[in-house]
Each structure stands twice: as C-alpha cells, then as structure tokens.
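Listed in TrEMBL for this protein:
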type	residues	note
TRANSMEM	A:15-33	transmembrane segment
TRANSMEM	A:53-74	transmembrane segment
TRANSMEM	A:95-114	transmembrane segment
TRANSMEM	A:134-156	transmembrane segment
TRANSMEM	A:163-181	transmembrane segment
TRANSMEM	A:216-235	transmembrane segment
Amino acid sequence: MLAILRSEIFKFRKANIWALIFVGPVIAIFAGLVDSGELPVNSWVYTVLMMNLVYAVLFLPLITGVFASIVCRYEHQAGGWKQLLALPVTKGRVFLAKYLLLVSLVFLMQLLYLGAIYLVGNMQGFAEPFPLEIIWKSVLGGWIATFPLIALQLWLAIWFKSFAAPFAVNVIFTIPTILALNSEKLAPFYPWAQPYLMMNIGGKVDAMFFVPWDQLLIVVGGSFILFFLGGYFLFNRKAF
Amino acid sequence: MKYVVETKNLTKSFGKEQAVQSLDMKIAKGEIYGFLGPNGAGKTTTIRMLLGLMKPTSGSIQVFQQDLKKSRISILSKVGSLVENPSYYPHLTARENLEAWRKILGAPKSRITDVLAIVRLSDVANKKVKGFSLGMKQRLGIAAALLNNPELLILDEPTNGLDPSGIIEIRELIKQLPQSHGMTVLISSHLLSEIDQLATTVGVLTKGKLIFQDSIEAMRKLAKQNISLRVSDQDEAHRLLLAKGIQTDYQKDRLILSEFTDEEIANAIQFLVQKQIAIYRVEEEKRSLEDIFLQMTREDQVG
Ligand SMILES: Nc1ncnc2c1ncn2[C@@H]1O[C@H](COP(=O)(O)OP(=O)(O)OP(=O)(O)O)[C@@H](O)[C@H]1O
Ligand SMILES: [Mg+2]
C-alpha cells in the first residue's frame, strides 16, 4: 500500500503542476487585501470571512476536481491503467492510494491558506493576536468537508477518459452552491456547500466545526460513504 | 505434468459474441509458448484474463498452480507483462517510468539501468517518453516487463512497431531467457514466421477457439514436403500406381505424392517410365509453417 502511494506521489510530483496548490491561497491573499475598507470589530474575523467567500465557495470544490483529473489523466493517456493494474496491486489499494494523495494535496493547500490568512493580517497590521485556534479549526473543517467531494471527483475522473467531462460535472454541482448558501434550509444538506460552511468562522460559534455535529456526520459523512463506495466498486468492476 | 499456466474452459463473452471459447491452455515450465492467431482471434482478451485485468465469463485460471482469483497478488509479483500497445506515462522519462513501476515491484534501483541496457534504451533514458518512436515505446514496455525478473513473461505482440534488426534483437533476447533466467515465456503474434525460430510450443487460436496446441516439431511434421508429378497420361498413371498400392492425390493437372521416402519416389517414377508414361515435371512442394497456419485458420472459418 505504501509502495503504491510512493509511486503515486512520484508520478504526481513529476507532472510539475503541483504549483496549482498555491493558486487558491494567492487569490485569497488578494481578496483579503482588497477588502480592507473600514474594518469592523474584529478585523481577523472580517478578513477571513472575505477570503473564505473567494476561496471556499467555488475555488476549493473546483480545484479538488482538477487534482482528481490530473492524477487519473496520465493513467488514461497511454494505457497506464492496464500497466499499473497488471502489477501486484489490487484495484482497491490503487483507488485508496490515489484518494490519499488527493486528500493530502488538499490538506497542504489548506495549510497554505492558513499561512495566507496570517500573511494578510500581518500586512495590514492587525492589533489583535492571530486567532490560531479558530482559524485552525476552520482550515481543518474545510478539509474534512472536501472528503466526499474528492471521492466523487476521483470516481468521475476514473470513469471519463477526457479531462473536460468530470470538470463539467464538477462545475454543474459547484455553481448551485451560491444559491444553496442563500437558503438556510437547503445549505446544510448540500455537500458542495459544506466546505464553506465548515470554514465559516462566523457560523455556529459554539460548534466544534461551525456546523452542528449531526450535519457533519450525516451530510459530510453520508455523502462520503456514498461517493467513496460508489467509486471504489465501479473501479473494481471496470475492465482494463 | 505441472504447468506454469493452465486454463480450464476459459470463456469470455462480450454480449452475444464469444471472444474466447472454452480455452484449455497449458504452458509447461521453461517453454516459449507461441500464441498465434489472426486479428480478433482473442489473444489479447486471453492475456488480459491471465493478468486479472478482465474477469472471465466462466472457467478457471491457474498460474504457478495457484488459483488466479485467490492469489492474484502473489502470482503477479512473479509475472512480467506487455499487453497490446505499449503503456507508458508520457510526462515521465524512460527512467522515471520504470521508477514509478519499480517502486511498486520493490526491485532494486540498479535493475532499471540493467533493463534499459537490455533493450538498448540507455542513451535516451532521460528523455520524455512522449517523444519516443513506436519502437522505442515498445522497448520500454519490454524493459518494464523484465523489471521484476519474472518467472513468467507475457508479451502480447512484442515486435509490433520494431524494425527488422529490432525484431531479431528482441528474438535473441527472448530466446535465451528460459536457459539464463529460468523464465517461461508466453508470446503472442499473428505471424507464425515471427516466432517460428523462437517458440518451443505453439497454440493456435481462431475465433476464440484453440484449434492446435502442441510442440513446434509436431507442427513442423504437418509441413512435410509433397512431390507433385506432371505426366503425359494422368488418369493412366493414377490407375497404374494405385494397382501397385501407391496412393496418390489426384489433382486437376498433377498427382501429389505425400510422405514418401526418396527411394519410394524413385521406384514409382521408374515404374511409370517402364509403363511408357512420359514424365514432364517432378517438383517438390514445400509447405511452409505459415501455409499450415493459414490453412488451419482458414479451415476453421469454413467449418
Ligand atoms: N472490451 C471489449 N468489448 C467488446 N468486445 C471486445 C472487447 N475486447 C475485445 N473484444 C472483441 O473480442 C474479440 C477478440 O479481440 P482480441 O483483442 O482479444 O483479439 P486479438 O487476437 O488480440 O487480435 P489482434 O491480433 O488484432 O490484437 C474481437 O472480436 C473484439 O472485437
Ligand atoms: Mg491483440
């Protein structure tokens, strides 16, 4: 299993596109700097809310799909799947290795985002100390909320040979997030809205991840199980 | 007999079409098994099933006397393969491609340099594979198949895209693998001539059915030469020879004598001359293995 993961990391590293994980945090930095008119009470919270709007609503769900497509693209291009699956591996482990790689990439990106917030705050010379505990929870929660999305996108990326098809599906599901977030009834149930909600430090303040536990377990946990198992079993059934 | 590969009743259907039908394939240790068949015969489909890339519709597969379904991983760790078109990661160099697979196989790093040298790709080891010619990609595929020093090497049309000297090179390479490394080799082709000097056993597949499976010598026996005779009076000659107990095959413009010794031929001709029959031509008709292979696959299509 570790050997497969190492091979996956190697292939991805050599693809020279891992600079993509910087794109989101850098855009977020601009968003944080631009919106610095008259700052309300807690400037950290306000800045993070602004940065989240740009980073967590659309960018985070979309970029996970791009990563998923990349880690499958070089397998689709020239018979990579059959070469890989004729090695002493099981499809289950290959699926898991690719999934773990994606999850790790998003984690790295979330860490960079945390760094971006810190940077913006310091550039603007906020008086209050960096609220690490809150922001750390936000970054971690946003990461967890992408688990089901990554699973679905890996499923799609394995299924479609083309780069465009899974991306199109991804966009179709991500855009309605804007609408869903405007509806208090709908938002808690829409998986694509969860990254934003779980990063929203202005949300349910007493909750661990700014959303109720049952929402985390049912919506994020439920869609994760559905998408992960769906992708896992379809990959297992597919012939190469 | 203990076989390295043994399939029983192996069948694969795609919808209504049976791509592979009740295949009983047997490959003994140390053999070079030539797996022959015209395009679409089902060679690649069979090989995919042997590697567990595709599930059989029915039947069983034993490799190293273990059930493929149960022991797939331990079997595949001792198998090297090249299936259909060469597979590779275009964004990696030849060396990096091998490294990606080596990490999973756990072979020593030095093995990469070795296999690159074996297939003569050392000079371009650090070039991106997307710029490779078909033949170079094919060589990379063969290198990958050798990476784990396998006990069973499965090569699906490995000489595809190679130039004549490349074909000879690969042939020489494969030929010595059983002695030098104790490997068993399964090599598929749609040209008998390609593996004629290589295979020790031959399996002929047409339309998903294995219509011949035996040693190459057994196949060569089928290729024994015939003597064709053109004479002044063919009817009379045929009758006279028959009366003397010599069976000939009566064809439109000639008589065919098959499987006769030199002496028997000499006697028959002398006999005809004595009976005042003029001999116009005595010709040897050598059937090549290719002819036999063609005939086999053609007969099956008629039947
Ligand atoms: N995935 C598939 N779906 C449907 N039919 C298939 C599939 N794969 C193979 N076939 C069919 O199975 C038959 C055997 O194909 P296969 O590729 O095994 O032939 P082959 O002997 O390898 O031929 P070639 O010499 O051209 O490589 C063909 O009729 C092909 O159309
Ligand atoms: Mg084929």
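Each Cβ is built from the backbone N, Cα and C atoms, and glycine gets one as well.
For the transmembrane segment (A:134-156), same-chain residues at least 6 beyond its ends with a Cβ under 8 Å from one of its own Cβ atoms are 44-45, 48, 52, 56, 60-61, 64-65, 67-69, 71-72, 95, 98-99, 102-103, 106-107, 110-111, 113-114, 117, 165-166, 169-170, 191-192, 194-201, 208-211, 216, 220, 223-224, 226-228, 230-231, 234-235. Within the chain carrying the transmembrane segment (A:163-181), a Cβ under 8 angstroms from the stretch's Cβ atoms is held by residues 57-58, 61-62, 65-66, 68-69, 73, 153, 156-157, 187, 190, 192-193, 196-197, all 6 or more beyond its ends. For the transmembrane segment (A:15-33), the residues of the chain that approach it from at least six positions outside its boundaries are 47, 50-51, 53-55, 59-60, 63, 66-67, 70, 74, 105, 108-109, 112-113, 115-117, 119-120, 123-124, judged by C-beta separation under 8 angstroms.
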